[in-house]
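Undergrad: As annotated in Swiss-Prot:
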{"type": "ACT_SITE", "residues": "His450", "note": "active site, for 3-hydroxyacyl-CoA dehydrogenase activity"}
{"type": "BINDING", "residues": "Asp296, Asn500, Tyr660", "note": "substrate binding site"}
{"type": "BINDING", "residues": "Met324, Asp343, Val400, Val401, Glu402, Lys407, Ser429, Asn453", "note": "NAD(+) binding site"}
{"type": "REGION", "residues": "1-189", "note": "region 'Enoyl-CoA hydratase/isomerase'"}
{"type": "REGION", "residues": "311-729", "note": "region '3-hydroxyacyl-CoA dehydrogenase'"}
{"type": "REGION", "residues": "708-729", "note": "region 'Disordered'"}
{"type": "SITE", "residues": "Glu119", "note": "site 'Important for catalytic activity'"}
{"type": "SITE", "residues": "Glu139", "note": "site 'Important for catalytic activity'"}
Amino acid sequence: MLYKGDTLYLDWLEDGIAELVFDAPGSVNKLDTATVASLGQALEVLEKQHDLKGLLLRSNKAAFIVGADITEFLSLFLVPEEQLSQWLHFANSVFNRLEDLPVPTLAAVNGYALGGGCECVLATDYRLATPDLRIGLPETKLGIMPGFGGSVRLPRMLGADSALEIIAAGKDVGAEHALKIGLVDGVVKQEKLIEGAIAVLRQAITGDLDWRAKRQPKLEPLKLSKIEAAMSFTIAKGMVAQTAGKHYPAPMTAVKTIEAAARFGREEALNLENKSFVPLAHTNEARALVGIFLNDQYVKGKAKKLTKDIETPKQAAVLGAGIMGGGIAYQSAWKGVPVIMKDINDKSLNLGMTEAAKLLNKQLERGKIDGLKLAGVISTIHPTLDYAGFDRVDAVVEAVVENPKVKKAVLAETEQKVRPETVLASNTSTIPIGELASALERPENFCGMHFFNPVHRMPLVEIIRGEKSSDETIAKVVAWASKMGKTPIVVNDCPGFFVNRVLFPYFAGFSQLLRDGADFRKVDKVMEKQFGWPMGPAYLLDVVGIDTAHHAQAVMAAGFPQRMQKEYRDAIDALFDASRFGQKNGLGFWRYKEDSKGKPKKEEDAAVDDLLASVSQTKRDFSDDEIIARMMIPMINEVVRCLEEGIIASPAEADMALVYGLGFPPFHGGAFRWLDTQGSAKYLDMAQQYQHLGPLYEVPEGLRNKARHNEPYYPPVEPARPVGSLKTA
């Protein structure tokens, strides 16, 4: 053994070939600060070996290196800029030493090589991969850019266009594509990986392969003519401006850095990467996006822990077909859980099957599946008008009309047709689970399972624990949702649960703005372009359905009369009374026509202004800041109340529910991350300017306490240790 660290070791393999093996405690390898330091120490030993002829890098895990240790990011990002820059210089000196070894080097890559893992293998001369490879640089999705030389080496290896596509979009690619673009040199089966790697190294050692020529382009300026450079970087900047926009600075910074570094060799180019990385790491966007990643891990870990002793349903059923039922049936079948789809009429069943078939055909068109797979999935969705087969069902979700009487009747009837241990769930969006459970003989086997539309796209499923729901029932439904590829978050019961409970105060803020003379078009524009929502409130209401929102508004008002009972006729009432139900009938705040792809395209409709005039004061202009404050304060206050009342268990779960269920702008990180970034005291000062608008604008006492004591909602993060100690970690 030449060297042994906590996360990697170095040993002789054969005939002057050494192997450097990543083998961290736990299930995966991460390129954390300790591993970078250990890699430097291993290279120090290696540089003294006069008999060294070649070096093989490999992993003892199912994945090569899954990336940097993102749990370290928040503390690293708090380190002063100069100190972070010094540590990056140190880390890059380690990878440069790997790249500068006077012998051929090869990385044998299995499974994942992402972020720092990818940057590590870019420093070797050759790369062999297994068919399960996923390799790429996802840093821009975290609000940063590659910092270990990825933005320097990748363009010089692949050419500007392929590298820009991977880096700017934060992409990873599979083995076949990686081979095609030159990111790996060969793909071999796992059992042949080491044998193949040694064979390549031997060829390089004997001179049959020119490893020096392979290495040289990574040390030089990017080989691009002025015209080629202008085309590549102009197109890339245009694409990034269109897709990322101003709220996500990392992709544009990465492209501009690669452009600026193109005319330099490795050292100068790495300095430019360093100078771009450090300011990005100190942005609120990076902290928010890293926070989302960590919260996602927390939420998924919690679901995994909850279901570790639970068997996933092997046969499921959906009550109520149509678009929603068909979407749920598709998602279950697509992920391997066969489903019976029951309705009371053929028309709805046909609609549900058509929806499932449409979604499968899209997968076929994209090349994700073949005809055989499509037929196999669709055959596991069984449409029926009766309860045949329900005696074999492990889990049922009801997705009928949002009417408590109908839902109770359907659930009570179904309970008599299934086994005593079968779990029942309702896809209600607002009706309290306790109310629906009152119709059942076994309420302990019942809970809420709230999907979001469109089911196949929206990651969140709210699992609602009723007063009598058993732990086993919750765990079984969480297991089913996880199997469907969704992110389940357990919340406690109340009208609207968590997501809709906090959404309708936001809509109430919108209604009050329109009542006071705001133009809905400007409100939409400000909330989309300035705050960052994917849709403004008017557009969102049209997509949700004005009729659906009108009904839900009444349910929420009954549940929370003190705050949500309005004393005036609002825009939603006016549109509902005029049968303008939104996209579903082509008329809402906007008029909708199908575009060339058959998707609804919104257009202005002067008639809506006349309708809204009856529920609005004289038009007046509001500043962007005032619009954002009046829209967001009711939502933020309600989110805080839900945490204080135990409806949602933690800030992390609340923020992920908002991001995954409502599209809360990820660069803000969620409501609690946004609050922590603003500071509770600053938020309180802002909110108090609007408390005259009514109870929705009154800040909860818990938040006032946070402001008084300057306390954040997330645990405070301490800056990483000084860079000197990180080097020798």
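A Cβ is built for glycine as well, from the same backbone N, Cα and C atoms used for every other residue.
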Undergrad: Relative to the Cα of Glu402 (NAD(+) binding site), which of the recorded positions Glu119, Glu139, Asp296, Asn500 has the closest Cα?
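TA: Spatially nearest to Glu402 (NAD(+) binding site) by Cα position is Asn500.
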Undergrad: Report the largest Cα to Cα distance, in Å and rounded to a whole number, among the residues Asp296, Asn500, Tyr660 that the record lists as binding substrate.
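TA: Between the most distant Cα atoms of the substrate site, 21 Å.
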Undergrad: Find the shortest Cα-Cα separation between Met324 (NAD(+) binding site) and the recorded positions Glu119, Asp296, His450, and name the residue that gives it.
TA: His450
Undergrad: Please work out the number of neighbouring Cβ atoms within 10 Å of the Cβ of Asp296 (substrate binding site), leaving out its own Cβ.
TA: 17
Undergrad: Give me the CA-CA distance between Glu119 (site 'Important for catalytic activity') and Lys407 (NAD(+) binding site), in Å, as a whole number.
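TA: With the alpha carbons as reference points, the distance is 54 Å.
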Undergrad: Rank the binding-site residues Ser429, Asn453, Asn500 by how many other Cβ atoms lie within 10 Å of each Cβ and give me the one with the fewest.
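TA: With the binding-site residues Ser429, Asn453, Asn500, fewest surrounding Cβ atoms within 10 Å: Asn453.
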Undergrad: Find the shortest Cα-Cα separation between Val400 (NAD(+) binding site) and the recorded positions Glu139, Asp296, His450, Asn500, Tyr660, and name the residue that gives it.
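TA: Going through Glu139, Asp296, His450, Asn500, Tyr660 one by one, the closest to Val400 (NAD(+) binding site) is His450.
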Undergrad: In the structure shown, which of the recorded positions Glu119, Glu139, Asp343, Glu402 has the fewest other Cβ atoms within 10 Å?
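TA: Taking Glu119, Glu139, Asp343, Glu402 as the recorded positions, the minimal 10 Å Cβ count falls on Glu402.
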Undergrad: For the binding-site residues Met324, Val401, which one has its C-beta crowded by the most other C-beta atoms within 10 angstroms?
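TA: Of the binding-site residues Met324, Val401, the most buried by Cβ count within 10 Å is Met324.
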Undergrad: Let's check the environment of Val400 (NAD(+) binding site): how many other CB atoms sit within 10 Å of its CB?
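TA: That number is 24.
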Undergrad: Round to a whole number and give the Cα-to-Cα distance in Å for the pair Tyr660 (substrate binding site) and Asp343 (NAD(+) binding site).
TA: 29
Undergrad: What same-chain residues, at least 6 away in sequence, bring their CB to under 8 Å of the CB of Lys407 (NAD(+) binding site)?
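TA: In sequence order, the residues whose Cβ lies under 8 Å from that of Lys407 (NAD(+) binding site) (at least 6 apart) are Glu398, Val400, Val401, Ser426, Thr428, Ile431, Leu436.
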Undergrad: Looking at the recorded positions Asp296, Asp343, His450, whose Cα is closest in space to that of Glu139 (site 'Important for catalytic activity')?
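TA: Answer for the nearest of the recorded positions: Asp296.
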Undergrad: Checking the contact step here: among the binding-site residues Asp296, Asp343, Ser429, which have a Cα within 10 Å of the Cα of His450 (active site, for 3-hydroxyacyl-CoA dehydrogenase activity)?
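TA: Matched binding-site residues: Ser429, sequence order.
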